[in-house]
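Have a look at the structure below, then the notes.
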Amino acid sequence: MSVLVVTGTGTGIGKTVATAALACHARLHGIDVAVCKPVQTGTRDGDDDLAEVARLAGVTELHSLARFPEPLAPLAAARRSGAELPTRAQILDLITAADRPGRLTLVEGAGGLLVEIASDGSTLRDVAADLGAPVLTVVAPGLGTLNHTVLTLEALAHRQISSAGLVIGAWPAQPGVAEIDNRDALSRLAPVRAALPAGAGSLGRADFERLSVDAFDPSWVEGLAA
């Protein structure tokens, strides 16, 4: 099984763009790739993360279980829509069915690592632990990111879940002292796999492909699918 879970230190941190960039890089290097988003909220406002991944990355193997209209945490969004979150078993079945030998299967969470995404209160951390999958954490570059990143990494370590490193989700065109210092500090916490420029999600396919192919170390990505 070659599953990589993608989480973030918060909502709106750039998980979907990071997932798309990694998926795009893998595709351009000849790696079979699938993307799972078990729970999606905010569809009423046009949020459709898998559609965004398809637009940016050109990936067609896309898998989801539950979609809720309001841009809320999954549990609240499900309750307000009169529905229930999927079960933990359903989420695990979705991911294992999408994965296959030689394929890199990316699993994007909703919100942060410890947000409830299943009907029994299970979180993305629980899913990663069940799968024995490493977790890539998307982080912000600005003030507050060090504390948020450490908390997420400690939450992974508490369950003996491997960290696959960090992606800076929105690196500014003109970084200030805080961003530059934070990038150095983040690299001491875990490997920084990429620093994606702010606004990358607004690029067209060709420009996004050029960005993605240079964003990650090809040997690291190939190792994920091995």
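Glycine too: its Cβ is placed from the backbone N, Cα and C atoms.
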So Swiss-Prot lists Gly12, Ile13, Gly14, Lys15, Thr16, Val17, Glu108, Gly109, Ala110, Gly111, Pro197, Ala198, Gly199 for ATP; which of Asp48, Asp49 goes with them?
Asp49
Which is it, of Gly12, Gly14, Gly109, Gly111: the one of these binding-site residues whose Cβ has the most other Cβ atoms within 10 Å?
Gly109
Neighbourhood of the Mg(2+) site (Thr16, Asp49, Glu108): other residues with Cβ within 8 Å of the Cβ centroid, in order?
Val6, Lys15, Thr19, Ala20, Val35, Lys37, Gln40, Leu50, Glu52, Val53
DSSP-derived structure type at Glu108 (Mg(2+) binding site), helix or strand or else coil
strand
Among the ATP-binding set Gly12, Ile13, Gly14, Lys15, Thr16, Val17, Asp49, Glu108, Gly109, Ala110, Gly111, Pro197, Ala198, Gly199, as the record gives it, the longest Cα-Cα distance in Å:
22
